[in-house]
Structure formats: structure tokens, C-alpha cells
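Database features, via Swiss-Prot:
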DOMAIN    77-307  domain 'SET'
BINDING   Cys93, Cys96, Cys120, Cys124  Zn(2+) 1 binding site
ZN_FING   93-137  zinc finger
BINDING   Cys111, Cys114, His133, Cys137  Zn(2+) 2 binding site
Amino acid sequence: MNKILIRNFCTNIKNESTKPLIDNIYKNILKDNFKIVEIKDCKNNRGLFYNPIESPTQTLSVINPKTNKPNLIFKEEPFISYPSIIKSNENICNHCLKEIKKEEEEIKQECEECKVYKYCSIECKEKSSIEYHSVLCKSTGSGFNYLEKHASIEKRRFPLLAGKILARMIMGYHLEKSSKSTWLPLQMLSFAKKPPPLEWKDDYLIFSRSLLKGINNESMKKKFDYDWFVRVMQILYLNTIGIDIDPNQQSTKMSSPESGIGLYLLTSFINHDCDPNAFIHFPDDHTMHLSPLKPINPGDEITISYTDTTKDLVDRRSQLFENYGFNCECKKCLNDLLIKRNK
């Protein structure tokens, strides 16, 4: 395993006292999807498995015979997301990342306070306010716009996602008096145990000056120290997904500067395979849809590709090692390796 990048898990150490807590957090992450999938231990530590409670012996087909359309395993809204930082976002909903078309201009919404953020609907505007914008809005004294400028210049989006995570945690403490629905679920995700690069210190300096100065509660402010920031960045490093909204496009986990980016809690448990049985796509907005590529039997692990499966063995493995810290040993890679050696 790469000494620079190691996949680690906050829940590696398990005992009888922590199991009920972990099971409860998994339940909150699964939500209604517990009827379809389950999180289980596997050779890659943990994975997501097809487990249809209401039809425990039924294979999931690629095409739904009733609608003659591709089947849907489940869909998930992101914990946080952010649009492209190199494309114009003037006509992009700041919440769901959907394009606001000219004919929809009349229903377009904006924040009355900052006049900066635009939304495609009242629903998106309200969700944004409840989840994070009430904390990040310029009218509250937040300096999130300075963090956005920094991220745009340096071409680094993770600090922006970290800012939204901070906002969601503050809103969680404000509305629920706990971190049950915010920080605890994030602790279940794998993270890259890598030495913090020097630029993370620069990012945190801007981050703290932009966002922490507005927090009056000193005990809460201390929660968001540099160690917290590093852990968040490590989580984002392994778990973010590129968002390319296109009803006809299949996506991999990797993002490009042109794409949006998001963190999805349940989807983060899906392991990689170079010959996956499922794929992610974004037909409408930032809501992730998971559909089968091949029939999936009850008990099968659901896998997606983190990289372009049309690339050759060397390119696939190099990309996966560089970005996710593992040497892929799926059946496709082992078979390709055998063919390569026999040539």
C-alpha cells in the first residue's frame, strides 16, 4: 500500500460497546434504502450489498420490464455539493447545480440578503438556507466569498466543501443540539491517512479567517481547529464524486475541473471494480442515481468504477493508486495482468 496515501476507516476498531452506535449511524445513512441495500464487512473492509427485503430472492435486472427503462437501485442527494469553479455559474442553481434555462427565469429565486446566490426553485432556496446558507451568507458576516476567491485562484475545491461541512455542523448544533446527522456520519467514511500537504495550511489560514471569525461560541470554534480541517480534507480526498449532469451520460467517481463535485454518504460505501455491476449518473441535478450495468442477485456486492474502464491495465492501476491509494486486484485487472505476462 502506498506509504503516502493509505485508505483508513474511523470504525476499524469495533467492540460490543460501539456496535450499537455504529449500527444506528448506518441506519441514519441508509434511511429508506435499508429495504434495498445494506452495509456489510467485506474483503475491502466494508461495502454496499444488494439486499431487497421485500423480494429476497429476486434478481435485479438491468431493464425494468414494466417501464422498459433502466432500473434504479437507489438515488441519493449529496451531503454537500459545489458547482464547477472554472465555468460560469450565473445560470446554475447554487443548491442542486441544475441549469436554469431562459424559460425558467420567471421562477428563478435568489437570496434576498446577499443577492449573490441563485436558485431554480423555492424548494432549493429553502433547503440551502436550512442546510448551510444561513451560516455562509455574506449578510451574516461570513467571509465565505473570500474562501471562494481563494479556491478559484488556486483551483482547489475541497476547502469550499469543508466550508459547507462546517456550516452544516453549525446548523445541526443549532437545530438539533447535536452532531447526530452531520459529523457522526462523516466519521463512518474512509479517509486518506496522508501527511497534510503544505497548501492545506494555507487553505486553513484562509478558511479560519473567512469562517471562524463569525462564530461567537468559543467552545464551538475550538472544534474546528486544524486537526478537524485535516480530517475533513482526508475524507473529501477519497470520497468526493464528480457531478456531470446529463441524462445520457454514465459517470465515474472521478471529477474534472469542469464538473461539479459532491460528497455522498451512502454512495461512499460502494467499492471499485474495473468490471462493475452498477454505475452512477446525474440525469436531472446533483441527485445521484445508481443503476445496474448487469443483473444483480440478492447478496451481491454493488460495485462501480472509480476510473475509465476503457483504459488499459497500467493506466487504470496508476490512476487508482494515485487518487485512491490502492492497487486494484479485481478479476479484470488480474486477468489483464496474466495476459500481459504471457505476451
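Every residue gets a Cβ built from N, Cα and C, even glycine.
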Near the Zn(2+) 2 site, what residues other than Cys111, Cys114, His133, Cys137 in the same chain have a C-beta no further than 8 Å from the centroid of the listed C-beta atoms? Glu113, Val116, Tyr117, Ser128, Ser129, Ser134, Leu136, Lys138, Ser139, Thr140
What is the number of residues in the zinc finger (93-137) that are helix, strand and coil, as DSSP sees it? 21 helix, 5 strand, 19 coil
So among the binding-site residues Cys114, Cys124, who's got the most Cβ atoms within 10 Å? Cys124
How far is it from Cys137 (Zn(2+) 2 binding site) to Cys124 (Zn(2+) 1 binding site), counting Cα to Cα, in Å? 15
Looking only at C-alpha atoms, tell me how far Cys111 (Zn(2+) 2 binding site) is from Cys93 (Zn(2+) 1 binding site), rounded to the nearest Å. 12
Might you list, by sequence position, any residue in that chain lying six or more from His133 (Zn(2+) 2 binding site) with a Cβ less than 8 Å away from its Cβ? Cys111, Tyr117, Ala167
In whole Å, note down how far the CA of Cys114 (Zn(2+) 2 binding site) lies from the CA of Cys96 (Zn(2+) 1 binding site). 19
Roughly where does the domain 'SET' (77-307) sit in mean pLDDT, to the nearest integer? 91
Pop the Cα-Cα gap between Cys114 (Zn(2+) 2 binding site) and Cys124 (Zn(2+) 1 binding site) into the table, whole Å please. 16
Return the residue, from the listed binding-site residues Cys93, Cys111, with the maximum count of other C-beta atoms within 10 angstroms of its C-beta. Cys93
Between the C-alpha atoms of Cys114 (Zn(2+) 2 binding site) and Cys93 (Zn(2+) 1 binding site), the distance in angstrom, to the nearest integer, is 15
Within 10 Å of the Cβ of Cys137 (Zn(2+) 2 binding site), how many other Cβ atoms can be counted across all chains shown? 21
